[in-house]
Every structure is written in structure tokens, then in C-alpha cells.
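Taken straight from TrEMBL:
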TRANSMEM  108-126  transmembrane segment
TRANSMEM  132-150  transmembrane segment
TRANSMEM  157-176  transmembrane segment
TRANSMEM  182-210  transmembrane segment
TRANSMEM  222-240  transmembrane segment
TRANSMEM  310-330  transmembrane segment
TRANSMEM  342-361  transmembrane segment
TRANSMEM  376-396  transmembrane segment
TRANSMEM  403-421  transmembrane segment
TRANSMEM  449-473  transmembrane segment
Amino acid sequence: MGYVVHLLETGQPAILGQTNVPASLLREVVKYPVPKRVAKLQLGHFGAVDYQRYWSSEPLPAPQSGVLPLYESQHSWWYYRLVAPLFSSLGGNTNLPASIGGLRLLNLGFEAAAVWLALGVVGRVVRTRGDAILVGLVIAVHPLFLINGVRVANDALGIFLATAVIALCFSMRGSPGIGRSVAVGLVTGFAILAKAVNFALLPFVAMAWINSAFLDRRSTPQTFLSGTVLAVALLSVIQGEVRTNLRQYGGLTTMQEAIRNRQEGRTKADLVQTARSFRWDVRIRRLWLSDSFLVGGWSRQRPGRAWTTAYSWVVTAGLVGAIFAMAGIFKRTEPVLHSRLTVLLCALLCVSFTGGLAYHMVQSKLAWGEPTTCPWYASASIPWFLIVVVAGGLSWPSPRLRLVVPLALTVTCLGGEWVTIWNRMLPTYSGGATGLPALQRLATLQPPLFGPVTIIVAELGVVVLATLLLAIACGTRPDMGPSCPPR
């Protein structure tokens, strides 16, 4: 919000170390409760209090003036320019509940569009309708892919554009080389402008382009021309931003940890030494088997160890199935995916984003003394990770086992989200209240559209839709027969 208001008031991009939160916003935002850590480290001095105190009978402190550096002022300004007119039209600082609610709905729209694009790819790469429904359902209910996208930040736009790039690449084969290359290059550039972590798309884009050129048997001149066009389109979008970053911050991206390390005179040798201090096997396993499940907002709400452990075991079962299927150990009459190359491309995406997050872990530990990398930085790769996991589960040799992974993942995702919302988030955000009283308290902070009825209807609608899709998927799977769960 600070970046949005800064743009509305000045029309200029923010600069790290120079731009502060606009005083007009700071006066208003401290009237609302914030997570305890935020109150302690950032906003408490200006009069903000945590949820517990806000809902208590204690008198609230009067707002205080002061200067607060703008958080994430190093970000590219394109997302914030896009949403600033909507924020202003809904009341801006004078009506924060409506303004923030509008931005949340916009981001929800970006997330929904990303899911729709991902499901379109699923329909192309999965062989049968029943299997495609199961894969798509798991993607659609995965909490980390969705829940953090509705924050007022550039994540949702970055995920949408990254998904658009991936969808274009999966449909690159058989398409006119030049036109599709221009589209892929432009959208990749915009994805990087929206969220710098999308630089991790570049290895995938390169491999998808090489694969399409090989399968379409393009001539060497055609291949070179289409690749050059793709690169030129990409560079035409990002070159201005990159030049600005190099001039202002000394690097290609605006990662604040890297900027701090350069300013402190730290060298590549320091980065290497820091990287060696990590147990990378533990970090990577934790990223994909537990941290990628569910982390709710800046208050970092989680469903509990039992749910996370269940998620880890189910994902592991799917990955084992995928590995055995790729090795030819698990065989079905019809493979789940049209091509094994799909698994390799999805794996490349996950490896690329893992590398990006690992780089951030090293830079942040060197800058702050501990890694501050959030698992949702890899959100754009989650649908493609889930394609591998669910397809692997559906590849198990026994028909009775093939529904275990998709069904268990669906139940775990929905159940973990319910537990987190009702047992963790609502009591935390409402100062200890539960159930309907908690919803009623929180409704006072929201526009009417987000009242108590909305979440109840939404949760019930998700369960009904998931049940219906599971029934359809079971009914279209001839290999399941009587072992399919009753509908």
C-alpha cells in the first residue's frame, strides 16, 4: 500500500534507502491491528498494536508521527502503477477497508486466471479426462499457490504472468515460430518486471524453445531466427529496468539483500562461504515436502505438524511413483502423460526456482545473519510440481493405489486450510475469539462483501465442487472399476 500511495502522491518510482511510507497512509494504517512482530519491529512506534491488544479493553495509543522507510521500495513499480487507479477510485487512504478489499479481489482474479491457464496445460499434457480432472483438482485446492496471492503485493501478477509464459511454452510445438517467439519473449519480460524471481523462468523457456524447434524439425536458419526474435522481444521489455537497476543498485535485480551485501563490500568469496554453511539436502527437502504446503500471511500461520507430515508423505509417494514410472519400473496400459518430456520440463522449472530461492537464502543470510526466504517465492512453480506428483501417484501399478495420492492430497490441502483458517487464523486475528464471534469481529475491519457469510459460502462451495469433480473423475476412469470410492 505504501508504494501505491507513494505513486499516487509523487508519480515517481520508489528508491531503496530514500523513499519513506507516505505520512498520509501511515496515519491511517496504524488504526488497524497488525501481527505482533510487525507491531514490535515496524509500526508500534507510530501507534499500531497487535491483534490481542486491539481487541482487548485497553485504550489504544494515539497515532504518532515519524519516518518509516518504505518496505520493498526496491521493487519494480509496474504492478503498483497498474493497481494505483483502482486503489484511488475505492477511496484510497480515506477508506482502507474498501481500497484494500478491491486490490485483494484484483489479485484473486490474477490467481484465478493463473489456475485457469495451468488447467489448460493439464488438459493438453495428461492423456485421459479422468486423470486430468484429478491433477487439476489438486492444483486448484493447493493452499500456498492461492492463499498468499491475495495479499496486497505483486506476487499475484507475477504468478499469473509466469503461468502465462509456461502455458505458451507448452503450446509452442507446431505453432508459427516467429509469432509465438515474440509472444513468449514479451510475456517473459513482463513476468520478470512484475516479480524478479521470474528470472528463474529463463532456463525453462530456453529448453522449451529448443524442444519445439527439434520436434518441429525446423531448419537451422529458422531456429536461429525464432530464438533471436524471442531474445530481442524479452530484452526490449526488461532492458530499461535492468539499466536502471545497474545504475542505481549495481546489479541486474533489486534484491535488497544483494544490494546491502554489495554496499557492505562483501565479495563472492563471502557468498561461497555462506553457501557452504547450509545443509542443502535438508533445505531443499523441506522446501518441497513441507514449506511448500501452507504458510498463511505475514503472521505465518500453519496447520500443525500432523497435517504437514501427512502432506510430506503423500508428496513423497507421488514423487516415488514419478521416478519409477520414468525409469520404466511402473507401467500402465496407458501412461498418465502424453510425453515423458513433460516431467523433465516441470522438473526443470522446479530446479530453476529452487536455484533462485537458494541464491536468496545465501544473500539474505549473509546480509541479515539468517535466511529470510519465503517459500511462496516459488509459487509459480507449484502447479508444475504437482503435475509430477499427481501423475506419479496415478502411475502406481495397482489400480487400487492410483487414487491414493490425488485423493489424499485433495483432503490434506482442504483439511489443512480449514484447520489453519478456523483454528489458527481466526483466533489470532480476532484476539482469541473463535467461530462466528471471530468472523463478526473481523467483519468490522472489512467491506460488507467480506462479511461472515462470504467465507462460509466459499468454504462450502469448494467442498461441494471438489466432491463433484472427484465423482466425475472416478466415473471416467475405466481402470478403477469397483475400487473407486463411492459417490
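Easy rule for this one: first residue shown is 1, then count along the chain.
For all residues, glycine too, the Cβ spot is worked out from N, Cα and C.
Bear in mind that TrEMBL entries carry predicted annotations, made automatically and left uncurated.
Within the chain carrying the transmembrane segment (342-361), a Cβ under 8 angstroms from the stretch's Cβ atoms is held by residues 125, 166, 169-170, 197, 199-204, 207-208, 211, 255, 257, 275, 278, 280, 283-284, 287-288, 322, 326, 371, 373, 375, 377-378, 380-381, 384-385, 387-388, 391, all 6 or more beyond its ends. Touching of the transmembrane segment (376-396) and the transmembrane segment (132-150) is concluded from the presence of at least three CB pairs under 8 A, sequence neighbours closer than 6 excluded. Using a Cβ-Cβ cut-off under 8 Å and counting only residues 6 or more beyond its ends in the same chain, the transmembrane segment (182-210) has close neighbours at 76, 78-79, 154-155, 157-159, 161-162, 164-166, 168-170, 172, 226-227, 229-238, 241, 252-255, 345, 348-349, 351-353, 355-357, 360, 377-378, 380-381. If you look at the transmembrane segment (403-421), the same-chain residues 6 or more away from its ends with a CB under 8 A from one of its CBs are 134-135, 137-138, 141-143, 147, 293-294, 296, 301-304, 307-308, 310-311, 314-315, 317-318, 321, 386, 389-390, 392-394, 396, 455, 459, 462-463, 466, 470, 473-474, 480, 484-485. Put simply, of 108-126, 132-150, 222-240, the stretch with the most CB pairs closer than 8 A to the transmembrane segment (157-176) is 108-126. Tertiary neighbourhood of the transmembrane segment (108-126): same-chain residues 132, 135-136, 139-140, 145-146, 149-150, 156-157, 159-160, 162-164, 166-167, 170-171, 336-339, 342, 380, 383-384, 387, 391, selected by CB-CB distance under 8 Å and a gap of 6+ residues from either end.
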